[in-house]
Amino acid sequence: AREKVGIIGYTTKETPVLSNPGPYLEFRDEVEELQIHANKLTTLGVNKIIALGHSGFFEDQRIARKVKGVDVVVGGHTNTFLYTGSPPSTEVPAGNYPFMVQSDDGRQVPVVQAYAFGKYLGYLNVVFNDKGNVIKASGNPILLNKDIPEDQVVKAQVNKMKIQLQNYYSQEIGKTIVYLNGTTQACRFHECNLGNLICDAVIYNNLRHPDDNEWNHVSMCIVNGGGIRSPIDERANNGIITLEELTSVLPFGGTFDLLQIKGSALKQAFEHSVHRHGQGTGELLQVSGIKVVYDLSQKPGSRVVSLNVLCTKCRVPTYVPLEMEKTYKVLLPSFLATGGDGYHMLKGDSSNHNSGDLDISIVGDYIKRMEKVFPAVEGRVTFLDGTLFQAQLFLTWGLCISLLFFIL
């Protein structure tokens, strides 16, 4: 017999700070809005409902607990890897697949994600009873390696497009002799060497002729970890960096702009950088010309222990404490300069904001000039002993709490 299955889409209510959707779209609480539409489907006689969205693993679990009528949650955004048993590749599972959540009304609701980059195909087998409740759920992500046959129709279409793009994207920019760590697990949680490379390139691009007062007009760069989208493996292709790989790292086509702001606003930005550290969100700032120390045991808004910046009005550049009332020049992505990722304190206007060059051009030109790159993790972003460890456990503890809730 045919069965009616309802699918309701959702996306994060944080979209206005993560992207630029314009002024005419309203993003509301996922649970409240999903409940409205689940109720509509229920009145139409649909008793099997899938919530399909992009709000992150914690929100997926909240939806599973709170929304009456939703039987399965298929999520994204945090690129969470779930797997039952021994994983087939290098990703470490954040929990079983499916991740079972007990709803507030006593049902078992499977929650799934399947990592990112098309590396896996999510596979979930669900059995419902006559009332539409899940009585069994099983499966695992399928690793799309060479053992999985390619779809020949899609492959032909892709190959046709690749021919047109191949000459452009296959351009060799330079070489890396170290792993350029641009993973979510690195750049959104602590200092990452690919973030250092990007910001160093931006500073280099903005070097001007020194004068009697300054060795350069700007010494600082910041970039949000969420804007770094992919690593580059030095063991692949003999370490050669192509334009295609660099485009995977910086795919959004933004610019790096020059902003003049007070030290107090910059301090506020660094507090925002870690105000919800440990959740895998993209606010954490990667830097150049800045050294920051955090204490994550303190409450949000009071976590910056020290913030030192590289002097410009000096013959020998050294790090000096940030002055709250002093005006500084900072290089940053255009996304941040328009208040993206919640950085309203960085939002500039025509009086203090100057647009710069395309991000991929800046980094590409720098790598070409250097020929070989080997950026290190240097202690630009550090955490007091023990506090980073606690924050990185936050995701795991969140999973444990949910699992305990289910067991109890």
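Each position is counted from 1, following the chain as shown.
Using N, Cα and C of the backbone, Cβ positions are placed for all residues, glycine too.
The Zn(2+) binding site annotation in Swiss-Prot covers His54, His77. Annotation for His54 (Zn(2+) binding site): spatial neighbours Tyr10, Thr11, Thr12, Gly75, Gly76, His77, criterion Cβ-Cβ under 8 Å with sequence separation of six or more.
Positions annotated as N-linked glycosylation site by Swiss-Prot, on the basis of similarity to another entry: Asn167 (among others). The Cβ of Asn167 (N-linked glycosylation site) lies under 8 Å from the Cβ of no residue that sits 6+ residues away along the same chain.
Cβ neighbour count for Asn181 (N-linked glycosylation site) (all protein chains, 10 Å cutoff from its Cβ): 21. DSSP assigns Asn181 (N-linked glycosylation site) to coil, not to a helix or a strand. Residues annotated as N-linked glycosylation site in Swiss-Prot: Asn181 (among others).
Per Swiss-Prot, the feature disulfide bond maps to Cys187-Cys192 (among others). Just so you know, the Cβ of Cys187 (disulfide bond) picks up 27 other Cβ atoms within 10 Å once every protein chain is counted.
Residues or ranges marked as AMP binding site by Swiss-Prot: Arg188, Asn224, Arg229, Phe252, Phe335, Asp341. Here Phe252 (AMP binding site) comes close to Gly227, Phe335, Asp359: these same-chain residues lie at least six apart in sequence, with C-beta atoms under 8 angstroms from its C-beta. DSSP assigns Phe252 (AMP binding site) to coil in the three-state reduction, outside any helix or strand.
Summarising the annotation, Swiss-Prot assigns disulfide bond to Cys199-Cys221 (among others) and lists similarity to another entry as the type of evidence. Reduced to three states, the DSSP call for Cys199 (disulfide bond) is helix. Non-local neighbourhood of Cys199 (disulfide bond): Cys221, Ile222, Val223, Gln286, Val287, Ser288, Gly289, Leu331, each in the same chain, at least six residues away, with C-beta under 8 Å from its C-beta.
According to Swiss-Prot, the disulfide bond annotation covers Cys311-Cys314 (among others). Of all Cβ atoms in the protein chains displayed, 16 besides its own lie within 10 Å of the Cβ of Cys311 (disulfide bond).
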Cα-nearest neighbour of Arg188 (AMP binding site) within the listed recorded positions, Asn181, Cys311, Cys314: Asn181
In three-state DSSP terms, the structure that Phe335 (AMP binding site) belongs to: helix
Distance, Cys192 (disulfide bond) to Asn181 (N-linked glycosylation site) (CA atoms, angstrom): 6
Disulfide-bonded residues near Asn224 (AMP binding site) (Cα-Cα within 10 Å), from Cys187, Cys192, Cys311, Cys314: Cys187
Binding-site residues compared (Arg188, Arg229) - highest count of Cβ atoms within 10 Å: Arg188
